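Before any comments, here is the structure.
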Amino acid sequence: MTGAWGHLLRSLHLKTLSLWIPKTCFSLKARAFWTSVTRCGLHTKPSMPPCDFTPERYQSLAYSRVLEIHKQHLSPVHTAYFPEPLLLHQGHVEWLFDHEGNRYLDFFSGIVTVSVGHCHPKVNAAAQRQLGRLWHTSSVFFHPLIHEYAEKLSALLPEPLKVVFLVNSGSEANDLAMLMARAHSNSTDIISFRGAYHGCSPYTLGLTNVGIYKMDLPHGMGCQPTMCPDIFHGPWGGSHCRDSPVQTIRKCSCAPDCCQAKDQYIEQFKDTLSTSVAKSIAGFFAEPIQGVNGVVQYPKGFLKEAFELVRERGGVCIADEVQTGFGRLGSHFWGFQTHDVLPDIVTMAKGIGNGFPMAAVVTTPDIAKSLTKRMLHFNTFGGNPMACAVGSAVLEVIKEENLQENSQEVGTYMLLKLAKLRDEFEIVGDVRGKGLMIGIEMVKDKESRQPLPREEVNQIHHDCKCMGLLIGRGGLFSQTFRIAPSMCITKPEVDFAVEVFRSALIQHMERRAK
């Protein structure tokens, strides 16, 4: 290879690709057919960092049989990334292995869930010990682990957030938080941002404001959307707005301690309060950083003023920490702390159990009592001994291995490296995030900020997978790549991931030029 592209590829230390991937095989033949990555248009890939783990030999269903069963017996709503879905077999720390033994760097961690690494030995050991001791009792009988875990978790939250309700998923946690807010306030209306994702239950669908999750059926009575203070796509935003090492390319004349964008978005929030809800409201839900919408950050100071306005109307403020909690943002253990606010209710899931089904709602004694006066709340599996054993081990690993600090250091390192790609490639419109919660928004061009067509984003996504990197998708048009690896990720692994992404962008530009 000669010319500018050859020089660029050589500078990335790229080498011939030896990874093999499955050819699209929805014809369901008796065996899977295989093709080299050169059939995908890829000729080179960055060198993977070493891994001192050998996966077990895959001995389960044939790939073609998996596709057949999926088509016949699993709901069609169970969709997968890529035309030839990965059949994953084993995990080790940051790595995943498919049924052919191919290795992938997991930079999405099961949708921001595997917080301390796949099959962490301490978490595994805790689960194995409890498996031989006691699986389930329900909350009508006491067991020590739920009490030990509640004490550990509440110690990580500021006063007066000290009462813990354990459930099984983020949707369940937000469902319960909605009940608490309405029981405590004696009001109905709850506000959430456009672009918010708070769950897919019939109740939380009212809070979720992403079109693909909406149905033409009654749901979420009393839920009111409000403008998301999105400083990249919204009407206001500039170069000092975000709490991030990387700012938007939009320019502004604001002084560093003054944000006109924040003031304008607060006026929109006031307008919602004045026109769209009752004089007394039940509450306001907010993710500290929007996840499903593509890692959207708000102007600094916005949530603090919004919380004050909600409380003036008698509402409670709920922080949805399902994706942002447990040290992922680096500078603080909880996302709400990065906004200098104190919520009345905090919901959490995903990283709480490193992939084990577990979630929690933490609130104040007064709000907890309000629910008790209204109803008997019961959850069969919430707080079961297995979940509490796993959850306790996860908290211990985060502390012992300094994973919050690692999120800050390695996340900042990655953001700054990705920002250089934004400056280099016209189709990389924005790089944003904090710690190990990062978004890369793909655009037609930086001036229009219009989303890159889905088929082009799909191809870049697929090319990354072909080179051994798994990343997520988000945004209203699926135009944003979401990066949220386990918090034990290292700088050499970041270097590999950034080189892969850059190579995928180069491949895309070569295709465009043909």
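Including glycine, each Cβ sits where the backbone N, Cα and C put it.
As recorded in Swiss-Prot, the features of this protein are as follows:
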- 1-41: transit peptide (TRANSIT)
- Lys71: N6-succinyllysine (MOD_RES)
- Lys71: N6-acetyllysine (MOD_RES)
- Lys262: N6-acetyllysine (MOD_RES)
- Lys262: N6-succinyllysine (MOD_RES)
- Lys304: N6-succinyllysine (MOD_RES)
- Lys350: N6-(pyridoxal phosphate)lysine (MOD_RES)
- Lys417: N6-succinyllysine (MOD_RES)
- Lys417: N6-acetyllysine (MOD_RES)
- Lys420: N6-succinyllysine (MOD_RES)
- Lys420: N6-acetyllysine (MOD_RES)
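Here the candidates are the modified residues Lys262, Lys304, Lys350, Lys417, Lys420. The one whose C-alpha lies nearest to that of Lys71 (N6-succinyllysine) is Lys350. For the modified residues Lys350, Lys417, Lys420, the largest tally of other C-beta atoms within 10 A is found at Lys350.
In sequence order, His339, Asp340, Val341 make up the list of same-chain residues 6 or more apart from Lys304 (N6-succinyllysine) whose Cβ falls under 8 Å from its Cβ. On the backbone, the CA of Lys420 (N6-succinyllysine) and the CA of Lys350 (N6-(pyridoxal phosphate)lysine) stand 31 Å apart. In this structure, the CA atom of Lys262 (N6-acetyllysine) is 30 Å away from the CA atom of the residue listed as 'N6-(pyridoxal phosphate)lysine'. Here the modified residues are Lys71, Lys262, and the one ringed by the most other CB atoms within 10 angstroms is Lys262. On the backbone, the CA of Lys350 (N6-(pyridoxal phosphate)lysine) and the CA of Lys417 (N6-succinyllysine) stand 27 Å apart.
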